[in-house]
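Below you'll find the structure, written out as structure tokens, and then a few comments.
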Amino acid sequence: MEFKHISVLLEETIDSLNIKEDGVYVDCTLGGGGHSKEILKKLSHKGKLIGIDQDTSAIKAAKEKLKDYENIIYVHNNFYNIDSILEELDIDKVDGIIMDLGVSSYQLDEASRGFSYMKDAPLDMRMNREENLSAYGVINNYEEEELFKILKNYGEEKFSRKIARFIVEKRTENPIETTGELVEIIRKAIPAKFQREGHPAKRTFQAIRIEVNKELQILNKAIEDSVNRLNKDGRLSIITFHSLEDRIVKVKFKELEKPCTCPPSFPICVCGKEPQIKIITKKPIEPSKEEKEINSRSRSAKLRVCRKI
């Protein structure tokens, strides 16, 4: 299956980077190469782009799309490791970093990846297929209390307790092996009147995907490491697709902009923690009405940008 992915907030993200033609940039989520291609267009032969992705299918597709460009380095890794990645490449500082945290259209559309609740497939959901933990492992091996907490905290699912109980009851009969089986369990757990607003499995699938790929833990560390690797005036641009991610980015940016931990009663700062960034987007940038109509998957996207000081 061809790797297809429509880059969300493409123009806005590229503009936010304030690209220098001889600069060094990092695309932490290479995907199909949409954002990377626009960055490369603006770079001179002295400029450089590092494209990171944990999905080998994404890297293969990006290499084909970007075959006319020689100043890109491909890295099969997780952007959680951005610090060690740059160290291995002997790159100290960079001028801009982007993260597009959405699941690609390809990953959603290829049934075998198990990300979609619309198609029956083996329970997988691994961004990196070389990792051991899959959705199957979470659903069939986690204790009921663990499942409840994951669905509640990562999916913000109202019926997390009931869904977790139904999953555990069902798997005592036989292992739950497919997305279709899981969807049916969720449908039975959620009262019919609450199934009218969107697909009933949406929040549960989001929660399991986040757990399998450790997405929220990765994001916190990656933001800190990315800021530390930026040159003065370098930009960090992050696109999120759900409230949990957006909240993490918002809070982390605020911490880095105003890190002082002194009590409000202190007349001057004595903790010595200095601001590292300036937030560019006081409110997140959202897709235009036109983009939302063209690409329905862009509807929940939010772009937040900061500048290293």
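Sequential numbering from 1, following the chain as shown.
Every residue gets a Cβ built from N, Cα and C, even glycine.
Among the features that Swiss-Prot reports, S-adenosyl-L-methionine binding site is placed at Gly33, Gly34, His35, Asp53, Phe79, Asp100, Gln107, with the record citing sequence analysis.
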Secondary structure at Gly33 (S-adenosyl-L-methionine binding site), reduced by DSSP to three states: coil
The one of Gly33, Gly34 whose CB sees the fewest other CB atoms within 10 Å, among these binding-site residues: Gly34
Residue among the binding-site residues Asp53, Asp100 whose Cβ has the most other Cβ atoms within 10 Å: Asp53
Sparsest Cβ surroundings (other CB atoms within 10 Å) among the binding-site residues His35, Phe79: Phe79
Helix, strand or coil at Asp100 (S-adenosyl-L-methionine binding site) [DSSP, three-state]: strand
